[in-house]
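Quick notes on the structure that follows.
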Amino acid sequence: MEVTDIGNKEEGKVWHRKPTPGKSVLASLVRTAQQGKVVRFLHVTFDTTGDCFLAGDHHGNIYLFDISRNRFRLVLKTGQACTALAFNLRRTTEFLVALADYSIRCFDKDTKQLVSWMRGHEGAVSSISVHSSGRYAITTSSDTAQLWDLDTFQRKRKLNIRQSVGIQKVFFLPLSNTILSCFSDDSIFAWECDTLFCKYQLPLPDSGPRISYKAFAVTLDGKSLASGGRSNLLHLWCLESRQLVRVIQMPSQVRTIRQLEFLPDSFDGGASQTLGVLSQDGMMRFINIHTCKLLFHIGSHDEAITAVAVNPSGRHIVAVMDNGRINIYSVQNLTQELNKPPPAQVAVVSGSEGVPDLPNLKMKVRSEVLPRPKRISGRRPQVKLLSLPAASSAEDKENELPAGLNKKRLVALLKAFGEYPAKYRMFVWRSLLCLPENHAAYSSLTDKGLHSAFLTLHEKYPIKSQKLQRALQRVLSALAHWAAIFGEVEYLPLVAFPFVKLFQNNAMLCFEVVATVIENWCQHWFEYFPNPPLNILSMVENVVAHHDKELLQHLVDCGITSQLYVWPLLETLFSEVLTRDEWLRLFDNIFSNHPSFLLMACAAYIICCREPLLHCSQRQDFEYFFHHRNNLDVGAMIKEAYRFMSSTPADLHPRTMLSDFTPLTSGQYPVFNKYPEFIVEYQSRERERIRLQEMEYLRERQQMSALRADFVRRRAEEEAFYAQQELLQKAEEQRKHVLEQEEEKLTQQRAKLAAMKRELKVKELQLLDATRRRFLKHQQELQASQIKKLDQEISRKMDLRDKETATAVQDLEIRQMELEVQRKRLEQRLLKEQQHVGHKVEEEVRIKMKEAEENLKEMLHGAETNMQALEESLAEVCRLDLESDWQREVVERLQKADAERERSRGGVEELQRQTGTEEQGLVNAMREEAHRKKDEAAAQIQESLQPRPSTHSDGQRLMGIHSAYAPPGFAHRHACSAGLKGESLTDRNKSASFKQAETNMVCLNSSSPPESTSTAFSFCRGRTQLDSGERELLKEIRELRQKLAARAKEGSSASSQTVCTPTPVSP
């Protein structure tokens, strides 16, 4: 085994000496860095051709190894270790690599350029699966699986799972549109790729231990699934029936299965029978899934394997070793011990017989794996060819082949070794089939181009290798141009494919081989077209009936006809049921014998498999049996075929019904017309009609596509227009929003300006209020000085009333203090309406006061000291109380809403009328009382008031204000304390009432009529009656005030829910 050290080279040779034939390991690759440290390789993957593979190490270097050209080169340096690799199946120069930073990148191996970068995983990507069309890819991590579009490199879908369930693997099934997802709870789901609709779920086994699936593998035809995990058991699923068909137990040394890989074969049609199982001990064991036999293994305990990649064609296996190396294995060398012929037998040939009696040579073949024989000597066993007796010259001439070979000698060699040498097999076949090699005739056929029947061959028979696909199309097209029937035969690709694969480098030889096979070994196949050749099937059935009646009876009892157990073998020429080497060995014997040998081989295959066939009873089992490989010794089958050739009676022997071998004519190929021409012509016409319909359909579809493209374009334009309109609308809304914000800011600025104006007005009102208070204080001081002068003058003249006057003054001072406190408390609420109401009311009151003073000064000359002081105090208190009431009520009314003002206007007017009525009644009562007392004490007071007319005028004014207006004002104020609107109107009415009451005011101690302006009084007459009358009047006024206050409280409690409507107070 040659070890190639890559080192720091960017390109070089994979091996420097040609690998030794027979060695299983072609080369071992290692990369050493500085100081002899080995840089470990982590992952490998093959391309679609199978000739090249990528390998990534843990330094982030990715190398491309070309086995066919014996070259390697450094593709790129990523700088970080890769976790998964995969080729892009559509663009073969591109590949995907998952890196340790959880990203997936696409590179071009030729240009070494980054094509795209995909992100979205939050964990390390463990696997990359690419769809067979190359358009989609699935990347899998422990928590999510994501579906990518490789045309746009955009993520289409994402598979999320619960935290309790992890994802093991998600991958595409080959040659289908199905996604298979496997989870950590052993559940397996199948999904439709386009719609992600769940197609089915594989049922979990009801019995047996839980395997905990970790590894999965699918055959190339997508029909079988193998799964394994933490156990030595393998589960084989049939994806068509969705059932667990087999459980295989590996040897006891296997405890955990790390990786599973099917080994492809050229002639199995994708239904691989060999499965490689990589276990925890680092060995990969290859087994036959049908016979459950161990075929061979790679790796050992010393050189353990960590990962494996299998060539798509099944020729090579690349293994990543535990020590960081890469080993390249040859599958052909690994399986040559299985496929080599049995040891040479010593046969005694009598001189009378031309050939040895091969059916009498019996061998015991073991189905188990044979250990590789130890070499005893360096020479192979010598086989001595016995000379045959001389024959006639005519017979020798008949057996002479074009290449100078002798057919009898070739047959003898074949019977001795069982097969022709692989190196010379194609040469021997060309000689046996006497191929004419008509280059001109073949060129005339190929010049006609591809036949219309095989334009869509890749859809029905997809082949990974495009080269092989094109070769098959060319050969089939040439056959269809040679004979029209071959364009209608559906199974012709199955017949031609094995030969196309063998002669893919020489299409003409392949065509002539297939044509020779059809001309000789497919005789009478097309007489019942399009039905199978019933006459040929009957021949095989008669042979089986002659040699094994029990088996034929079993087939008849199960309802199985020859179309089911003979025709599958013939239409595929055994390529489905035999391996490549077995098929080549069989056709070595078929081409060396009469064309009837093929039918005898079918009968021999059926009879050699009699044991498993006798155990089958279902039609599906028989169909599966004759379409898949089985455990069969081909050597024994060939011997049985020879025995049937010699022991079958002449009346049953196919030789009598089939012509002898006839090679193709030289120069031009023979005419092939052994088929019902009318059927072929009818089918040709139908095919042409269908082709025309398809062309019409394609034309209409193209038109529809154009219309659809135009519709899509118009719809895109409309969407763009609406999107633009939407953007414009959004911009307009944004501009409106900006304008609204600006307006809101302007409104806020205006509100701030209004607040500043209100503050200035409030300050102005405060200044005016302070000025007014100073003026009132000055006026009070003047009045106090006047009162003081009056008190001193009266005290000198009225010694007897000192004590009573002092007591009255004290009471009035206490009351004045209380009223002053109340006035100050209420003045604070009436700041906003002082400039509108205060000045006007004050001016009117001042004018009226002056008029009253002037009139009273002329009419009155004096008054009694205690009565005058009481009247002045009461008048002052009343005036201050009225001003404070007006101010407070104005403030309260301004704070009410305008809507409440309109709703309560009627109630206010009613309250005004009632208040006016009460005030008028009270004024009338007081006026009557005043007239009555005036008449009684007129004579006594007249003399006492003469010296002080001005003093009496002040007392009369204050007394008149207090008696005529104070009680109604208090009642009205308490009755409307709930804050009714329209109070300003009430205030104006009160002011008018006050003026009227003041105009109609009559002094209580005046004996003259109201029109009189001057009257003389005396302080000496009727003092006792005046005192008692004054006390009674004050008592009545207090009682009336108490009643009005109680009624106002009741009205205020009711006004909290409804409009206050107080009842008039009776005088």
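In case you wondered, yes, glycine gets a Cβ from its N, Cα and C as well.
According to Swiss-Prot, the features are:
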type: REPEAT; residues: 120-161; note: repeat 'WD 3'
type: REPEAT; residues: 162-201; note: repeat 'WD 3'
type: REPEAT; residues: 202-249; note: repeat 'WD 4'
type: REPEAT; residues: 250-288; note: repeat 'WD 4'
type: DOMAIN; residues: 419-594; note: domain 'Rab-GAP TBC'
type: COILED; residues: 724-773; note: coiled coil
type: REGION; residues: 896-955; note: region 'Disordered'
type: COMPBIAS; residues: 941-953; note: compositional bias 'Polar residues'
type: REGION; residues: 1045-1067; note: region 'Disordered'
type: COMPBIAS; residues: 1052-1067; note: compositional bias 'Polar residues'
Per the Cβ under 8 Å criterion, with at least 6 residues separating them from its ends, the repeat 'WD 3' (120-161) contacts 83-91, 96, 98, 100, 102-104, 106, 167, 169-172, 174-176, 179, 181, 183, 193, 196, 462
Residue counts for the repeat 'WD 4' (202-249) under DSSP, helix then strand then coil, are 0 helix, 26 strand, 22 coil
DSSP composition of the repeat 'WD 4' (250-288), residue counts helix/strand/coil, works out to 0 helix, 18 strand, 21 coil
Per DSSP, the repeat 'WD 3' (162-201) contains 0 helix, 21 strand, 19 coil
DSSP puts the residues of the repeat 'WD 3' (120-161) at 0 helix, 22 strand, 20 coil
Same-chain residues at least 6 beyond the ends of the repeat 'WD 4' (250-288) with CB under 8 Å of its CB atoms are 174-175, 214-224, 226-234, 294-301, 303-314, 317, 319, 322, 331, 334, 498, 501, 575-576, 578-580, 583, 627-629, 631
Here the mean pLDDT of the repeat 'WD 3' (120-161) is 87
